[in-house]
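Features reported for this protein in TrEMBL:
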type	residues	note
COMPBIAS	1-11	compositional bias 'Basic and acidic residues'
REGION	1-21	region 'Disordered'
TRANSMEM	31-48	transmembrane segment
BINDING	37, 39, 40, 304, 336, 401, 404, 405	Na(+) 1 binding site
BINDING	44	Na(+) 2 binding site
TRANSMEM	60-78	transmembrane segment
TRANSMEM	99-130	transmembrane segment
DISULFID	142-150	disulfide bond
TRANSMEM	217-237	transmembrane segment
TRANSMEM	246-263	transmembrane segment
TRANSMEM	297-318	transmembrane segment
TRANSMEM	330-356	transmembrane segment
TRANSMEM	389-410	transmembrane segment
TRANSMEM	430-453	transmembrane segment
TRANSMEM	465-484	transmembrane segment
TRANSMEM	505-526	transmembrane segment
TRANSMEM	546-568	transmembrane segment
């Protein structure tokens with residue numbers, strides 16, 4: 001044992017791989033930056049600031065921080081520990097509890113769906129990036145592509161005014177011709193669209209009337225999508241060895257751009273108004289009495305940290321066994337949340353300037369999601385001096401934020417393939433990785449048709465919602481209540497060393513009670529408040545909603561299917577079979593023999609599939 005530990009220390013000191021079969025991160029910085037890049041994504045920039053403004057300004061940070069501590073961090077730490085302990089991806093790691101292996105498959109399938117449309121969003125950002133290489137931004141005015149509703153300013157339609165002591169309602173031309181003044185609060189505006197909005201719909205998307213009208217493939221978006229997949233494939237052709245180096249740029253440079261945008265935004269007129277709308281001159285504490293605020297905080301934390309997607313397990317599986325995953329989890333979670341807060345200042349300072357220039361309240365220029373990234377913010381940037389430069393920086397930041405999240409998602413898929421077919425993956429890593437990218441590119445072509453934005457919204461509405469919540473609830477219940485929370489803590493202590501009972505008090509409270517209850521509450525809330533998907537004012541046809549339900553059913557159906565297969569393959573009566581499937585497989589434990597110690601001295605070789613307690617089904621479940 002001492003000899004093995006000595007060899008392990010030598011390997012760590014020399015920076016060589018501890019696990020020669022699967023490989024390890026070249027160094028800790030590669031791993032941490034990959035985790036930060038995975039967790040910090042587009043939602044930090046285009047969703048969190050809007051939620052903060054909408055839910056009481058600075059007061060929103062109270063439920064946000066509490067939800068980080070109660071739901072986000074416990075799950076994040078659990079998944080990092082799980083992947084690192086077994087050195088396995090999100091499917092094979094369920095040797096810990098064979099009955100729940102379908103949870104891992106659900107995670108991988110949902111990640112696949114999300115990966116398809118996430119790269120389409122990167123393609124949108126790439127298109128705007130290239131469009132910024134012009135002296136005049138193409139969405140800065142109503143050019144030839146615009147219709148009669150396009151206008152850079154709001155046009156008054158009619159209002160109330162006082163004439164000869166009486167209040168009258170008249171059109172605006174009558175008001176101006178008679179030198180009258182509109183009464184406050186009575187002004188009605190003509191239905192106009194800003195140039196950035198029409199450019200997004202008419203030029204970028206060539207958006208059709210609805211999901212029923214597929215239209216043609218938008219060729220320049222298809223080329224941008226191809227370029228995006230080429231970048232992903234090039235970054236991952238050597239697995240974590242290559243992606244671990246690329247993230248030094250893709251994970252760090254967005255912070256440089258955010259800082260540049262913040263400094264520029266803070267020097268603009270009206271920036272203070274934007275910041276005050278963001279955090280509030282006086283935070284609205286009474287908002288904390290509304291359940292919706294707490295639900296928004298919990299869901300934002302949950303999705304922002306990327307828990308239950310399988311990526312955290314996959315990335316952590318390449319760590320060396322004695323890496324301190326506890327401190328890593330805290331550092332990545334805190335970095336993610338601080339990034340969200342920091343991004344809010346950069347976004348709202350420039351939106352405040354836009355409100356000042358267009359003489360509108362900040363509330364009318366603030367938005368979230370696609371409308372913030374591709375309508376409101378580009379509109380604001382077009383009003384700045386040297387606007388192409390700021391536009392380039394902003395969309396370059398969006399591309400980088402999207403890419404490093406995409407790297408981890410694809411690594412999740414390739415890790416799963418590696419765990420199932422390790423020999424094939426060792427010999428054919430490059431063609432398999434490229435094959436995955438090519439396949440997902442073709443599957444994503446439906447999202448760059450004229451109805452593409454409706455498909456992106458549909459997949460996001462269904463797949464990135466309940467499926468992840470269901471997987472997270474079953475994950476924590478399975479590990480804590482069936483495998484055993486205290487047993488899992490002993491596994492973690494094999495990696496990070498013995499800790500006091502006081503150290504584990506908080507984690508036990510979260511894992512055993514608080515986090516499962518919160519996740520169940522969010523899941524039930526989501527089901528109760530479900531509404532059919534819409535994109536703006538466009539309603540989806542019935543068949544579109546049915547397709548959405550089919551997608552989510554396809555994702556989660558594997559949970560009961562795999563459980564039934566496991567029980568059918570086990571021996572004994574029904575009760576004995578269920579109990580057998582609720583025990584760890586014979587090959588569950590640390591991947592390398594030198595790490596197993598006395599607790600796992602009985603473990604069979606994880607690489608020898610014939611010795612698995614659970615039989616193989618179609619080469620996938622084992």
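Start at 1 and count along the chain as shown; that gives each residue its number.
For all residues, glycine too, the Cβ spot is worked out from N, Cα and C.
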Interface present between the transmembrane segment (465-484) and the transmembrane segment (389-410) (three or more C-beta pairs under 8 A): no
Long-range environment of the transmembrane segment (246-263) - Cβ separation under 8 angstroms, sequence gap at least 6: 29-30, 33-34, 36-37, 40, 235, 339, 342-343, 345-346, 349-350, 390, 393-394, 396-397, 400-401, 403-404, 407
The transmembrane segment (99-130) in contact with the transmembrane segment (330-356), cutoff 8 A, at least 3 CB pairs, sep 6+: no
Distance [Cα-Cα, Å, rounded] between residue 39 (Na(+) 1 binding site) and residue 142 (disulfide bond): 38
Recorded stretches the transmembrane segment (31-48) and the transmembrane segment (330-356) touching, at least 3 CB pairs under 8 Å: yes
Candidate binding-site residues 37, 40, 336, pick with smallest Cα gap to residue 142 (disulfide bond): 40
Same-chain residues at least 6 beyond the ends of the transmembrane segment (297-318) whose Cβ lies under 8 Å from its Cβ atoms: 19, 22-25, 31, 34-35, 38-39, 41, 43-44, 47-48, 51, 55, 60, 63-64, 66-68, 71-72, 75-76, 79-84, 86-91, 93, 104, 107-108, 110-111, 114, 240, 325, 333, 336-337, 340, 405, 408-409, 411-412, 415-416, 464, 468-469, 471-472, 475, 518-519, 521-522, 526
Segment-segment contact (the transmembrane segment (430-453); the transmembrane segment (217-237)) at 3 or more Cβ pairs under 8 Å: yes
Which recorded positions sit within 10 Å of residue 44 (Na(+) 2 binding site) - Cα, from 150, 304, 336, 404, 405: 304, 336
Cβ-Cβ distance under 8 Å to residue 401 (Na(+) 1 binding site), same chain, at least six residues away: 40, 41, 42, 44, 45, 254
Beyond the flanks of the transmembrane segment (505-526) by 6 or more, those residues with Cβ under 8 Å of it: 67, 70-71, 73-75, 77-78, 291, 295, 298-299, 302, 465-466, 469-470, 472-473, 476-477, 479-480, 485, 489
Same-chain residues at least 6 beyond the ends of the transmembrane segment (330-356) whose Cβ lies under 8 Å from its Cβ atoms: 32, 35-36, 39-40, 44-45, 48-49, 52-53, 61, 64-65, 68, 72-73, 76-77, 255, 258-259, 261-262, 264-266, 268-279, 301, 304-305, 362, 364-366, 372, 376-377, 379-381, 383-384
Residue 150 (disulfide bond) and residue 405 (Na(+) 1 binding site), Cα-Cα, nearest whole angstrom: 36
Nonlocal neighbours by CB distance (under 8 Å) for residue 304 (Na(+) 1 binding site), same chain, sequence gap 6 or more: 39, 41, 43, 44, 48, 72, 336, 337, 340
Long-range environment of the transmembrane segment (60-78) - Cβ separation under 8 angstroms, sequence gap at least 6: 51-52, 283, 287-288, 293-294, 296-298, 300-302, 304-305, 307-308, 312, 325-326, 329-330, 332-333, 337, 341, 472, 475-476, 479, 488, 507, 510-511, 514-515, 518-519
Non-site residues, in chain order, whose CB comes within 8 A of the mean position of the CB atoms of 37, 39, 40, 304, 336, 401, 404, 405 at Na(+) 1: 36, 38, 41, 44, 251, 306, 339
